[in-house]
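Novice: OK, TrEMBL features for this one:
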type	residues	note
DOMAIN	42-291	domain 'G-protein coupled receptors family 1 profile'
TRANSMEM	26-49	transmembrane segment
TRANSMEM	61-80	transmembrane segment
TRANSMEM	100-121	transmembrane segment
TRANSMEM	141-163	transmembrane segment
TRANSMEM	199-226	transmembrane segment
TRANSMEM	238-261	transmembrane segment
TRANSMEM	273-293	transmembrane segment
């Protein structure tokens, strides 16, 4: 850390950003900030509802609260700095600030990927083994699952942050992105980064493909269990509980795999920036909406909260 602090006096990076100051880009910037605000409010509201409503104190909603917390932190990790740079006209970021962005971003993306895999396992146990669900998904098990998601994500973030910030940057300091993302930063290193590229790819494979394989296996068993259900209403209910999670998985993994598991020669900065906006801003906004609008228990908790507010305002 002392080496990093010494470097900040002379070092820093320039973030090109994703918007220029044209009229069209001002409109797009306004849209992104509106989405950011909805994501912020939506995730805070969902966390609040899960906390105050006893009916939502179940393993599924506990994992959903962790997902909302991760989304809340993820949307705050990069967007405020992007907005400040755009509005002020300054595009600089300090060396330490860049390292902190990398650490937070990688940790949160990694944690969310693992959590989505464990949420799929939770749905598998609930549908395929309902009688054993209270034992298999006890409070202790849920805490361990959530803790492991956070721990592996943070470990991945620390590894990538330390490795990226240890590289020498002696040439251009212009990062063709709106935040310090490791692949964009590696292009500026004035040394051979092939070893780091291999490390980065290995981390991405572990943090993305491992939970994704858990999701595929879980939903394969869920589908088999649903097909053997005699009641059409039971099948519909089982599929309804999984649809929100499947939508979230599709949005998150589709964007993350597009960026991190493509060969380097096929990467284009414009594509990476557009997709990064998708899963750092748009996905955190959509997650609480998807789970709220498709979930009667969450909507019931929301209506109950609004009724309490109305009664309180009348008195």
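Note: Cβ is positioned from N, Cα and C throughout, glycine not excepted.
Whatever TrEMBL says is automated annotation, not expert-curated.
Burial and contacts for the listed features, if you can.
Specialist: For the domain 'G-protein coupled receptors family 1 profile' (42-291), the model's pLDDT averages out at 86.
Same-chain residues lying 6+ beyond the ends of the transmembrane segment (26-49) with a Cβ under 8 Å from its Cβ atoms: 19, 56, 64-65, 68-69, 71-72, 75-76, 79, 83, 86, 277, 281-282, 284-285, 287-289, 291-292, 298, 301-302, 305.
Residues 60, 63-64, 66-67, 70-71, 73-74, 77-78, 81, 93, 145-146, 148-150, 152-154, 156-158, 160-161, 164-165, 179-182, 185, 203, 207-208, 210-215, 218-219, 245, 248-249, 252-253, 256, 279-280 of the same chain lie 6+ residues outside the transmembrane segment (100-121) yet bring a C-beta within less than 8 angstroms of a C-beta in it.
With a threshold of 8 Å between CB atoms, the same-chain residues lying at least 6 positions outside the transmembrane segment (141-163) that come near it are 59, 62-63, 66, 99-100, 102-115, 118, 122, 182, 196, 199-200, 203, 206-207.
With a cut-off of 8 Å between Cβ atoms, the residues of this chain six or more beyond the transmembrane segment (238-261) that come close are 60, 67, 109, 112-113, 116, 119-120, 123, 126-127, 183, 200-201, 204-205, 208-209, 212, 215, 219, 222, 225-226, 229, 267, 272, 275-276, 278-279, 282-283, 286-287, 290-291, 294-295.
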